[in-house]
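So the structure is just underneath, and the comments pick up after that.
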């Protein structure tokens, strides 16, 4: 044999009991110009039961490790290893093989560069008959004496090659002839001659040998790169990364096993394999903080465990409830899939209305659900109700309807007993939690029903079940000594009487026995969990329980300012136990570290100056400040909710200066003592000629100290004053003379005077300022008095009240003028 031979051996110890070793040999003769075929060798201990060989090299799921073939390691203690090597023989005449690489002398041959010797018989292509192990002379002598005493005829492969013939075991009485294997050496083992023990392994091996000649695929012919030699690792060190890789592969293929909330083992296992980002993990974080996670048993099944995979795909269409109008159903499209969550888009509307839900949300339904249940479906623009059909719509949009099996079936749920459409009750206004109002049941779906406040818009509606702490039977306020808010425009609200009202409306009250008592939750302060960031719903962050009530918890995002804390229901679908993101494949935002909060920005960029440098002639725009300067912000989301990303401070939803611009989501999140803000006004999505929709919020007198607490930084300069540099340290009074001339009726009026205005006085001022009675009537319809008028922002005036931009700028700047003339409102 001439030329250099390279070998690669794939060795994987599968178990300690059998000591099975898989070896992948690839022989290449560098001197020959012809292609080499890979040879797969499987080294099997004598006590191995069954051998299963892959059909191709790609079926072997173990990493290849290059091994210097010298002294072969023993496995399972001192048990010798007997190998059966099945070479990939080719029928070609000029093709080299492993058989040709061996230096044959008689019926046996050594493998060049190693201590292994092989022989050929008529049943198996190659049998390894010995392995050389480096031993001391004393050990060699003692080993030879022990073998002679035991009668074992193992050859000593460390002898010279001239004694090869004498190394072959003689055929004597100790040799047994197996019907399946032929003449074999017993080696001191009790091997029967019937072949019962080896017939089945032999048949399997024969099939493999026969099929091995026809598995010469293109993948097997590809050359294999020689790996670098790795240092030896202990079996525990070797098996650990392999177990992790194999476990990950299995988790990706198999269905998640259903678990119960009491299964704490699931929680602990998820902490170990939790989401890691920049070296962060739940396990190390809990150890560092000396904290504990909220037990899985405290969460609802829909919050803690996902029994099904998220099978929704991009572009799938379905039906769902509008979160802003819970009584309306729209056609939705899956715009994004992240873990077990979906971002849904309203067909025919701007993406600024997109919202996130869990895949097991009860608010989404398959296509055609509205027809079966008798609900009305809000169609995209350009479609008529009498002409719409799902099949035609899917064809025209070239889309696919989400399969029905992806939706969480609630058909088995028991309908709420005692709650029927039209029945009356008393319910808490979740946007104004201090108010309890007259309400009705307007819809029943599965185990939930829709609560609607009489004579008010549907933006205040919400879905609940009989155990909700926000609903009460008729007469509850009177028993508790609390005021009851009657329906809007009720003739005599001070003398409202339930008996009279039920008789006038021809309705009945929900029976008292229909209401269920929900036990308080068991969350404790400082427990850790995972929660959706309400300012940027695409993100889930590490959170802690800051405070608790009977049915609500106050959450704090670890590492962030307490300005972002908020209240949420304990059964809200936006909170999950620790490890939920890891289990569902959703990214988890780790806590903001002190080094991050102290840094100026994630990119190390200095804060934005008030006056941007002029653009150079070589570039159309200045891209220096492309990263958001807010510490810990990754640039996702937008303060207006219309965009998925931002790159400046003005659009950051996490910036403290933008907190007043965020839409106030009071349901489930604010305390009853929170002052009512006009930002809760219902958006006008319907034409004005259809009348006012929604109800005006109720206001209470706000102490002056609360108004004094408003920082000047929350008062943003409007576009009307964009001609002057917006320096934070420049007082607004320097612009007074310039802008007072453009705002008639503003001069000489202070904020303290405006705060005492009635609704009619606000109406008259806006009419004088804008010169339009229609614009002023909007303020009158919403019952905005002077105190509420001062709390309006430009976004409230333009987006919520639907005032045109020109008049809105005048009104908002007039409010700024009022505030800056009174020290108490600055």
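Residue positions begin at 1 at the first shown residue.
Note that Cβ sites are derived from N, Cα and C of the backbone, with glycine treated the same way.
Bear in mind that the values here come from a model prediction, so they are computed numbers and not experimental data.
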Which of these ranges is annotated region 'Disordered' in Swiss-Prot: 105-135, 136-166, 167-197, 291-321?
-> 167-197
Listed range which Swiss-Prot flags as region 'Interaction with monomethylated and dimethylated peptides', given the options 453-460, 461-468, 469-476 | 453-460
When you get a sec, could you say which of 220-271, 324-375 is annotated region 'Disordered' by Swiss-Prot?
-> 220-271
Match it up for me: which of 619-662, 707-750, 751-794 does Swiss-Prot list as zinc finger?
-> 619-662
With every protein chain in view, how many other Cβ atoms are within 10 Å of the Cβ of residue 429 (site 'Mediates recognition of monomethylated and dimethylated peptides')?
-> 25
Three states by DSSP: which one describes residue 429 (site 'Mediates recognition of monomethylated and dimethylated peptides')?
-> coil
Its residues classified by DSSP, the repeat 'MBT 3' (496-591) shows 19 helix, 28 strand, 49 coil
